[in-house]
Each structure stands twice: as C-alpha cells, then as structure tokens.
C-alpha cells in the first residue's frame, strides 16, 4: 500500500520573510491521517487556521499566498514544493508572520528540515488526484496544461530575453519515475533582476531579498559570486514553484503538467479549471502493490529508501 506520511517529530526554523523583510519563526508539527497541510497564524489572537486550498490563493504577484478572513500566509510555494517532493500528506505549520521564511530561496533547507525531523508512514492509504482528461488555461502567449499520466511529469519552458538566462537551458522535463526531487529540483533558487528591485520595494515586495536567498542579475550577468547550482537552475526553479503551487490542491497529482511562461497565477488557474470539471479528475488510492503504477511505486518508495 502507498501510505500517507507525516513527520516523526516537531522541528523549528527561523528565517527572514522575502517580501516583508522581518524575522519569521516556523514550527512544523506531525498531523493525523487525512488532516492535510494546515498553516496556523499563531501570532494572531485567536490563532487562524489556513488549510492548503487552491480557492484560498489570494496573491500571486510574486509568490503564492493563502488568505482567510483578511489574513494571509504568503510565500508558501517552496515549503509546499518540499512537502510534495518528500510525499508528506499531513502537517501542521505554525508561523508567526504573514509569510513563510525564504531561507536560501530554494526548497533545499525545507527538505533538510523535514528529513531531520524524520518522515513517518501512517496507517492510511495516500490519496492521489488523478487527471482523467486534458484541461488547459491560456493568457496571451502563456499557457499551462494538465493531461492524464500514470505518474507525475512536468515539462516547462521559459522566455526572458536576458543573456544570463538565454545562455542556460530554458526548457526542462522532470519525470519522477526517473528523476529525484531532492537531487534534481530542490536546490534551484528563486531569481530576480536588479532593475526590478526598486519598483518591488516601493510596492512592499522583496524587502528581505538578497544574494543570500536569490539569484540576482543585472542587465548582463548573474551577480552571485558562486554562480548557478544547476546549469538549468532558472527553469528548474519554475518547476519547483509549479510543484508547490499544484500541491495546494491537497493531493499528489497523477498527471502530466506542461507549461510555457507560466507562473503562480496560471498554476492556480489550471487547478481551478481542473477541479471545476468533475469529469476531469478522480481521487484514487493504491492499496495493492500489483495495482500501483511503476512510476508511483518509484516516486513514493518506502521512507527508508526515500530519505
């Protein structure tokens, strides 16, 4: 049986919010089967619960944020991506600020944090959202599509017309039947341009951004002294974001995701298009090994092998 997962123990981290620029304390706590991923704004009185939900996504300018009752938790996508990559279904996330800390701008520190807490398989079958027919969403020359697939594959292409990005691969395919989230995706950092910083900060964004938590470029080159972590780090970060954005549906997807110039807004829209067509998806579990697609068995191999 492919089982649900949570953490073995509670783990804590402290970092800076990318957009607010203030200190943020984060606590990740185990949760019972079928709880899902639930964010808790513990700085509010009373504390506010915000479950992962594509219909709660409110602000997609520079990140994915959840909103409830006028209160928000922003920049959830890197943590959500790490949870999806490690197959964690159930978790309580306590945060004392309106956003998740950015850490190093990738999912790598979240992966380390989660693995250090230990991952526990639970006595309940993992529930997948299987795409049954193609759905698509377009805005101008940007598009995103979900199609039936016995596993989880992402094909992504980007266009930025910038020499530092154009000199790298601008398209990538990641299939978790053969690729590893931890090895191939998790370390890709968010990126931005110096000329955008003044505008963003005037709008209350990226106040905590620095070379410590993003790839930063001027008009011609990457400014980070250590360069890139992957030859295709830019497009891989877009894949990392997409994995986190899609996991807000509450279940791992069995689907092929294809996108061109997509971002948080389009990723959220394609989930809404999918969920609103009840004939386009179903919830499935794999309680018998013989019925489990090989790609799923590989991606969600027992924890000892995955960790």
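Note that Cβ sites are derived from N, Cα and C of the backbone, with glycine treated the same way.
Quick caveat, the model's predicted, so the values are computed rather than measured.
With 237, 241 listed by Swiss-Prot as binding Zn(2+), the candidate from 40, 78, 92 annotated for that site turns out to be 78.
Across the recorded positions listed here (237, 264), the residue whose Cβ sits among the most other Cβ atoms within 10 Å is 237. The Cβ centroid of 78, 237, 241 marks the Zn(2+) site; residues of that chain outside this set whose Cβ lies within 8 Å of it are 77, 81, 105, 106, 107, 188, 189, 190, 238, 240, 244, given in sequence order. Among the binding-site residues 78, 237, 241, the ones whose Cα sits within 10 Å of the Cα of residue 264 (active site, proton donor) are 241.
In this structure, of the binding-site residues 78, 241, the smallest number of CB atoms within 10 A of the CB marks 241.
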